[in-house]
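S.K.: The compositional bias 'Basic and acidic residues' feature in TrEMBL is assigned to 312-336. Residues or ranges marked as domain 'Rhodopsin' by TrEMBL: 43-280. As annotated by TrEMBL, region 'Disordered' applies to 299-342. If you look up TrEMBL, you'll see 25-47, 59-84, 96-115, 136-156, 181-205, 217-235, 255-279 marked as transmembrane segment.
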Amino acid sequence: MINLDQEPADKEASHGHVGEPKAPMLISMLFLLGASSGLCLSLRLFAKRRKNSRIWWDDALLVLAWILVAAQSIIVVSNIIIGFGDQVDSLTAHRLQSIGLLNTVFATLAVLGWVMSRCSVALMLSQVMDGGLRPFMLFVMTTVSLLGAGNVVFWWTKCSPVEWIWIPWHEGSCSPEYTQLAVVITTSGYAAIVDFVLCGTPWFLVWNHRLAMWERFGLGSATATGLLAAASCIMKGVRIPKDGTVDKDWTVSTFFIWACSETALVIVAASIPVFRIFFVREPSQADWGRRLAPEPQVRMVTTPSAVSPGADAKRSGSTSDDKFKSGPRVRFMEITREEDES
């Protein structure tokens, strides 16, 4: 029975979760996912600026997706500080409400991050496709957006009143459990299919092209990371909590990890192909100018050697005609460019 007024007898039981066995693991994993995806995204933006390419919508969507990953990490840390992971009997009603509400917000941000990251990859692939395949990427972006929006609306309207989602002792009713399970399976299954399609599309585009070994390695790394994102999406669907209340035995902590890794891995996979700029030297304007300009012609220019007045004084009986009796001397090589008379 939850005591709505009295504080727990052992207040330390609801604090100090950083010392719990699973709390450091959870915080470390979220920090690793956020830092690695943020580093790859920063390198992607830096590479584009180095190439003098403008930041496009696919980059903006990835930035927003990473912001959502960071927000999810902040929510998890806040939940741990409030009392996430404790037994329900050791928490006050106010803390239970806060944890349940934050869990619901976390799930919403996870869905939005999934939508933005997949739309970014589809938008990036549409730039290198011909006109016949671009409608397919538009179909992917549309269905992903509609599925994500419907998912968010369902999870916020499945209970009446809405407070019943994070206040289980509140009077109200929710959708049947089989309906919630159907939504979870449908969303996770379609998300995994989209990830597999987005991973295979680049190979379809370059199948008839010859790639260098390091280019194949980069494309393979991006594909492998995308497949890990698909696996994370499936695991997130398996571990998704059935309600928004606090979890007693930390089983929902794996849901937090899979939800964050799903979006973070897509950010990494979308950034890897841009890293080729660091390994390929693009020709500068000066290089193009040298390539288009005519080849210089080398000719021998002969000039009479200059003789100082002091040297004339040392020569006895030398005249001005004597200076040229031995013929002209080669003084230097001059490289000139023959100009057209026109």
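Note that Cβ sites are derived from N, Cα and C of the backbone, with glycine treated the same way.
Automatic, uncurated: that is what TrEMBL annotation is.
What you see is a predicted model, and the numbers here were worked out from it, not measured in a lab.
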S.K.: Ranking 25-47, 96-115, 136-156, 181-205, 217-235 by Cβ pairs under 8 Å to the transmembrane segment (255-279), which is first?
M.R.: 25-47
S.K.: Go through 25-47, 59-84, 96-115, 181-205 and flag the stretch with the largest number of C-beta pairs under 8 Å relative to the transmembrane segment (217-235).
M.R.: 181-205
S.K.: What residues in the same chain, six or more past the boundaries of the transmembrane segment (25-47), come closer than 8 Å to it by Cβ-Cβ distance?
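M.R.: Sequence-distant neighbours of the transmembrane segment (25-47): 18, 55, 59, 62-63, 66, 69-70, 72-73, 76-77, 80, 253, 256-257, 260-261, 263-265, 267-268, 270-272, 274-275, 277-278.
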